[in-house]
């Protein structure tokens with residue numbers, strides 16, 4: 001990169017080696033087309049390592065449910081529910097033109113922010129805080145100074161040594177009947193609300209970026225992830241959030257069954273917290289529990305300033321709910337890649353579920369037939385690309 005040795009503080013942390021780029025929009029709208037604030041498809045051109053690339057983006061139209069709501073609380077404890085218009089949102093997925101293996105998950109709300117894969121390397125992009133400038137920083141994730149080199153793990157401890165897959169992934173026939181739809185509620189607890197200084201717009205952007213990232217991973221499991229609601233415990237926690245991930249998970253599941261499930265239509269709920277769970281644990285979820293009122297839940301620690309790392313922890317925990325276990329060494333998601341269901345989170349950028357996860361998810365769905373994910377919900381846009389999903393287990397600083 002041109003600025004080797006330079007250091008800059010960006011949202012992901014201190015970056016030692018970055019490139020300044022000026023993305024140029026190259027999309028031409030068809031004649032007579034109505035100009036949306038955020039088009040359905042966009043292309044941007046910029047240089048990476050001196051070479052021009054074209055980033056092709058398509059809006060993630062299935063991101064929000066038709067009756068999407070946001071909930072927060074007034075100082076006197078009243079619940080305030082709004083139904084914001086989210087049709088014209090700014091969350092995209094895509095690829096680099098002429099690179100068959102490339103992927104991208106980008107928010108275009110204020111400049112381009114997110115990550116893309118180019119020639120096997122993962123890059124992050126974000127706007128630079130320079131007034132009246134289109135300057136963006138592009139950098140490899142490996143050049144972000146890591147906050148904490150300690151291993152982080154999922155708290156789920158079930159093993160599947162006795163598990164012998166009946167079929168290889170290549171033998172599973174995939175048809176449209178395999179497509180499933182998971183409506184999810186994200187609950188942000190008071191510690192996370194406070195960590196982000198009570199800035200609800202910032203919190204929403206942080207959460208939406210995560211869901212946009214994991215929806216891409218779940219496409220390969222033929223599961224659509226759709227956000228039904230975002231609830232922020234803006235005044236105080238509605239459960240006792242403890243440093244014990246196990247106790248917090250139990251309390252959250254009980255609260256969902258007695259409260260949340262009666263006021264918001266959804267299939268699964270995940271709690272995001274800034275509470276530092278005991279030991280290396282950064283997440284926890286029940287295994288094979290999708291659609292159960294108390295157990296279709298997970299808890300995830302907001303453990304990194306890199307959005308992608310927290311997103312993958314969220315994806316991991318949801319997959320446990322879908323009957324997916326931690327990967328063994330024989331599981332693979334491509335040469336040299338760490339997979340989402342690795343029990344330990346290291347400092348690599350992870351994007352894919354393994355062949356084992358795919359088989360376990362499909363077999364769980366075919367055997368258990370969890371009813372809540374069979375219906376195709378109304379969305380802000382009925383056109384949607386298949387998204388795959390696995391169940392996730394607890395996520396922790398280490399995945400046990």
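Cβ from N, Cα, C; glycine included.
According to Swiss-Prot, the protein has these features:
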SIGNAL    1-6  signal peptide
DOMAIN    180-377  domain 'Peptidase M12B'
BINDING   183, 267, 372, 375  Ca(2+) 1 binding site
DISULFID  291-372  disulfide bond
ACT_SITE  317  active site
DISULFID  331-356  disulfide bond
DISULFID  333-339  disulfide bond
BINDING   387, 390, 392, 394, 400  Ca(2+) 2 binding site
Among 331, 356, 372, the most crowded of the recorded positions [Cβ within 10 Å]: 356
Listed recorded positions among 291, 317, 333, 339 whose Cα sits within 10 Å of residue 372 (Ca(2+) 1 binding site): 291
Close recorded positions near residue 331 (disulfide bond), where close means Cα within 10 Å, chosen from 183, 291, 339: 339
Assigned conformation of residue 317 (active site) - DSSP reduced to three states: helix
Using Cα positions only, nearest of the recorded positions to residue 183 (Ca(2+) 1 binding site) (317, 333, 339, 356): 317
Residue pair residue 333 (disulfide bond), residue 356 (disulfide bond) - Cα distance, angstrom, rounded: 9
CB within-chain contacts under 8 A for residue 267 (Ca(2+) 1 binding site), separation at least 6: 182, 183, 184, 290, 291, 296, 372, 373
Pairwise CA distance, residue 339 (disulfide bond) versus residue 317 (active site), rounded so that it is a whole Å: 13
Euclidean distance between Cα atoms of residue 317 (active site) and residue 356 (disulfide bond), Å: 16
Cα distance (Å, whole number) from residue 317 (active site) to residue 375 (Ca(2+) 1 binding site): 22
For the domain 'Peptidase M12B' (180-377), the mean pLDDT of the predicted model: 94
Ca(2+) 1 site, defined by 183, 267, 372, 375: further same-chain residues with Cβ within 8 Å of the Cβ centre: 181, 182, 265, 266, 268, 291, 373, 374, 377
The one of 291, 333, 339 whose CB sees the fewest other CB atoms within 10 Å, among these disulfide-bonded residues: 291
